[in-house]
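Novice: Here's a structure for you.
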Amino acid sequence: MIFDKDNFQEYDKELWDAIHAEEERQEHNIELIASENVVSKAVMKAQGTLLTNKYAEGYPGKRYYGGTEWVDVVENLAIERAKTLFGAKFANVQAHSGSQANAAAYMALIESGDTVLGMDLAAGGHLTHGSPVNFSGKTYNFVGYSVDKETEMLDYEAILEQAKEVKPKLIVAGASAYSRIIDFKKFREIADEVGAYLMVDMAHIAGLVATGLHPSPVAYADVTTSTTHKTLRGPRGGLILTNDEGLAKKINSAVFPGLQGGPLEHVIAAKAVSFKEALDPAFTDYAKQVVANTAAMANVFAEDNRFRLISGGTDNHVFLVEVTGVIESGKAAQNLLDEVNITLNKNSIPFETLSPFKTSGIRIGCAAITSRGMGVEESQQIAQLIIKALVNHDNSSILEEVRQEVRTITDRFPLYENL
C-alpha cells in the first residue's frame, strides 16, 4: 500500500511552514536576481506529476527499462519543441542543469587538459567557463578573455589575438553578467581562424534568442548550451543543441551514461511546457517587455552620477552597477536591499578591486518582475527605490518608507492568482 498523507500541511508542518514562508517572501519581494524568473502554473503542474515515479535510462526508443512508451512521448515533445524554438537539428533535454549541460559539451568536444578560451568570471563569465574552483578549471586548461578596459565590452580583435597566442581546442562564448549583445558570428570567425570548436552558453539570454531579441548562436556554434529557466521561464534544468549529427551522438553519450543515470522525466515534461509557451507570440511580447524594463531601470542609474553603469548601458535582461560611491560594497548593498524586500545579488565588475565575497557592484535583472506584469513605470520606480535605500542606508525611517513602497508595488502585481 502506498504511504500517503493527503494533508501535507498537517503531516509535515515544519516543511510546510518553510515552503509557505518562501511563498510569502516571493509574493512580497521584488525579485531582481537576473537568473531567476516566475514559472507558469502549467510548468509547476507538469513538474509535480507522477512522471517523477518513472525511471527511463537511455533515450526515446532506446531505453534500458520497460514501460517507457509514454515518457518517450513526453521527451520527444520536449526535443521537437526545443528544435523548433531554436532552429536546431538536434536537442538533448536530459541535462539536469546548465552546469551539467556544459560538462557534457566539454566531454563531447575536448579531452582533459586541453586548452580552452573562455570569458573570465570577473568580466562576466560563469563558473563553468574555467573558474579554478570549478570542475571546468580543474579538468581543462582554461585561459580567460576579458572586456576592453575603457568600454567594458568584448573586444573581438583582442580575443582573436589571444586565441592565436594560446591556440585553444575550444572557445566558449556566453556570460552570466554581460549586458551587451554578443556577436557570435565574430566568435565563429575567431574559432575558424585558430582551428577551434565554438561552444556558446546562452543560459542567460535563451528567452531573448528564442524571440529574436538577441542574435541566435545556433547557426554559428558547434554546440549551444542553455538552462531552461532564467529568461526562458521554464523549470530548472539544462538543454544542449547542435546541428552536427556526429556531435549530437557524442553529446548524448556524454549526458548518458557519461554524466547522468535516469533522466528527470517530470522536469522534462515541464521543459516541454515551457518550450510550448515560448513558441506562443505572447512570449515575444513578454521578452520585448523584459528588454524595455531593463533599459528603463538601467537609465535611472545612468542618470545618477553617484553610481556607475557598467559598459554604459544594456541590450538585454541584465545590467551591472558599481555602488561603492554610496555604500561600502556590493555585499553591503545586497544585504541592505534584502531588508527592504528587494532581492538582487552582489557581483564583481570588470577589473574588480574587491574580493568576490564583497564586490564593487550589484547585478540587476528584470525577467521576474516582468513575469509579474510590471512595466517601464514600475521599473523606473524600483530603480529609484534602490537608489533611495542605498543613499540612505543608515536612515531607518527612510528604509521603512522604501519597504512600504515595495509592499505597495508587490500588492498590485500578485505572484499567482489562487495558487
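Every residue, even glycine, has its Cβ placed from backbone N, Cα and C.
Pulled these from Swiss-Prot:
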- L121, G125, H126, L127, S355, P356, F357: (6S)-5,6,7,8-tetrahydrofolate binding site (BINDING)
- H229: site 'Plays an important role in substrate specificity' (SITE)
- K230: N6-(pyridoxal phosphate)lysine (MOD_RES)
Novice: Return the maximum Cα to Cα distance in Å (whole number) over the record's (6S)-5,6,7,8-tetrahydrofolate-binding residues: L121, G125, H126, L127, S355, P356, F357.
Specialist: 16
Novice: Mind giving me a neighbour count for H229 (site 'Plays an important role in substrate specificity')? Other Cβ atoms within 10 Å of its Cβ, every protein chain shown.
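Specialist: 26, counting other Cβ atoms within 10 Å of H229 (site 'Plays an important role in substrate specificity').
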Novice: In three-state terms from DSSP, label L127 ((6S)-5,6,7,8-tetrahydrofolate binding site) for me.
Specialist: helix
Novice: What does the structure give for the C-alpha distance between H126 ((6S)-5,6,7,8-tetrahydrofolate binding site) and H229 (site 'Plays an important role in substrate specificity')? Integer Å is fine.
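Specialist: Distance (Cα to Cα, whole Å): 16 Å.
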Novice: Between the Cα atoms of F357 ((6S)-5,6,7,8-tetrahydrofolate binding site) and H229 (site 'Plays an important role in substrate specificity'), find the distance and write it as a whole number of Å.
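Specialist: Roughly 25 Å, rounded to the nearest whole number.
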